[in-house]
Amino acid sequence: MASADWGYDSKNGPDQWSKLYPIANGNNQSPIDIKTSEAKHDSSLKPVSVSYNPATAKEIVNVGHSFHVVFDDSSNQSVLKGGPLADSYRLTQFHFHWGNSNDHGSEHTVDGAKYSGELHLVHWNSAKYSSAAEAISKADGLAIIGVLMKVGPANPNLQKVLDALSSVKTKGKRAPFTNFDPSSLLPSSLDYWTYFGSLTHPPLHESVTWVICKESISLSPEQLAQLRGLLSSAEGEPAVPVLSNHRPPQPLKGRTVRASF
């Protein structure tokens, strides 16, 4: 996945992705607008169960359009089970999406309402596949927890992550990031909506069972500004900040959104 051929500006942004990635116009694309009146309560949905080992946090990487906090996923130490999932899924990384102002930046919307940002915790099906790279293109390959972020009080649980950004300011930089429990970033209620969708940026594989938390988490305007301080340019190049990195909602095309609550 060459990140040079896509991005979030007018020349290479979401409207252009279908030229290189025709699946961008597929039937199961993400994100979506969640219409709460049309989400169907499904009593068969189980509670979501996460068990994360802080020792599996490994490093933080500037990938150009965002940054990833990467986990050791060589064994089942940090896993997601339950919810809509038949298998156990292993945490591989989390990342964020944001916008150039505080009134938008999330990828998923709820009844048309935009949030200030969105956290994605990415897991792969370790019961069926041997690596994230193998699972990424399989229909049951990935499960992503999406947490909407709303501007408000500062979030102390986010601060360790945000403070590490200075060590990976430019594209391609990586730095150790250890002993972190990502469950500290989850809301207190794990009520959720779920639907079948895709990665929200190229290669846009339709391989994701989405678990979108009903409850949002907060972060302050200053914390949002820290996200926007990340650079998509490499060291020695003119500085290009990542001001915005979210895809707009895609058509539902007949899919069902289920609610656990």
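FYI, residue positions are counted from 1 along the chain as it appears here.
Each Cβ is built from the backbone N, Cα and C atoms, and glycine gets one as well.
The local packing around His65 (active site, proton donor/acceptor), expressed as other Cβ atoms within 10 Å of its Cβ over all shown chains, amounts to 19. Look at Swiss-Prot and you will find His65 tagged as active site, proton donor/acceptor.
In the three-state DSSP scheme, His120 (Zn(2+) binding site) falls into the strand class. The Zn(2+) binding site feature in Swiss-Prot is assigned to His95, His97, His120.
In the three-state DSSP scheme, His201 (substrate binding site) is classed as coil. Sequence-distant contacts of His201 (substrate binding site), defined as residues of its own chain at least six apart whose C-beta falls under 8 angstroms from its C-beta, comprise Trp6, Trp17, His65, Arg247. The feature substrate binding site is assigned by Swiss-Prot to Thr200, His201, with similarity to another entry given as support.
What Swiss-Prot lists as domain 'Alpha-carbonic anhydrase' is 4-261, and the listing cites sequence analysis. Mean model confidence of the domain 'Alpha-carbonic anhydrase' (4-261) amounts to 98 (pLDDT, 0 to 100 scale).
Among the features that Swiss-Prot reports, N-acetylalanine is placed at Ala2, with the record citing similarity to another entry.
Look at the region 'Disordered' (239-261): DSSP puts its residues at 0 helix, 3 strand, 20 coil. Marked as region 'Disordered' by Swiss-Prot: 239-261.
A Cβ within 8 Å of the Cβ centre of His95, His97, His120, the residues given for Zn(2+), is found for these other residues of the same chain: Ser66, Phe94, Phe96, Glu107, Glu118, Leu119, Thr200. Residues 8, 14, 27-36, 38-42, 45, 47-48, 65-66, 83-84, 97-100, 104-109, 118, 191-197, 200-201, 214, 227-233 of the same chain lie 6 or more positions beyond the ends of the region 'Disordered' (239-261) yet place their CB under 8 Å from a CB of it. When the binding-site residues His95, His97, His120 are compared by the number of other C-beta atoms lying within 10 angstroms of their own C-beta, His95 comes out lowest. Between the C-alpha atoms of His95 (Zn(2+) binding site) and Thr200 (substrate binding site), the distance comes to 12 Å.
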